């Protein structure tokens, strides 16, 4: 029992520093929700219904932008497609877990939880479960609290500050930090160029066309290397 | 109302992407083509999103110089420092400074 308690404490301590980069993100999301054609409560509910910062920001920005609901949802789900990789990588560790934990644990599988828990997938099942739940619940509580707080203090910020611009800045930072090889930079530039050229398509569907162009370039490039 | 529906559908889809292999396909591998495509999803979608935001209807086509310079600064800072908070803070300072000057 003491060992479980230590594992839980370890999980919480490991999670806290990884939450720091999410704080400006929570703030930007809060500002976006306040400017969106949604009630603050519905906007905040995305923090626990979807529970994924980049996809929440994608969905709510596109909805505020007048995109069709289908296009906005599609874009948010494409942003979240990377979770399939996490799910596949952790599936063997989850095979030794009870059914309730496979259902509940899946909900908490965000980038940071994956990064921490994939390193401990060979722990004994009870310890893995304790560590996973400790990191998962820590991030979840902090994220719901931080986005809620951002929505509450957001209205005190004057609109002349142009804080809406924090959204493209945050996404730019995410693009750049996700690029580890030049073909990914090329894919990002192609996606940007095609989206720009397709800006007049209805319901903001140029975004999906641009994203598809970048992904197709990646597939063609990787295919040509074989 | 449509906002709530969008959030719920996106939530169900997101849960499915997290649970699919853990709950249903534990013995399957992701096909090679799909995992290659997923590598390129992040940079492509997010770059497209930045452009979509800058060319939003009602902002009058091209983004202004303050926006472009600030995003260039953000790109360099994100690349060199990998620090979200610093990138956000300095890019916004550049945006405000240029907005006041131009």
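The backbone N, Cα and C atoms fix where each Cβ goes, glycine too.
Residues or ranges marked as transmembrane segment by TrEMBL: B:6-25 (among others). Tertiary neighbourhood of the transmembrane segment (B:6-25): none, as no same-chain residue meets a CB-CB distance under 8 Å with a gap of 6+ residues from either end.
Within its own chain, the transmembrane segment (B:37-56) has Cβ neighbours under 8 Å at 30, 62-63, 67, 71, counting only residues six or more beyond its boundaries. The transmembrane segment annotation in TrEMBL covers B:37-56 (among others).
With a threshold of 8 Å between CB atoms, the same-chain residues lying at least 6 positions outside the transmembrane segment (B:62-78) that come near it are 50, 54-55, 84, 86-88, 90-92, 94-95, 98-99, 102. Taken from TrEMBL, the feature transmembrane segment applies to B:62-78 (among others).
Taken from TrEMBL, the feature transmembrane segment covers B:85-101 (among others). Distant neighbours of the transmembrane segment (B:85-101): 65-67, 69-71, 73-74, 77-78; these residues of the same chain sit at least 6 beyond its ends, with a Cβ under 8 Å from one of its Cβ atoms.
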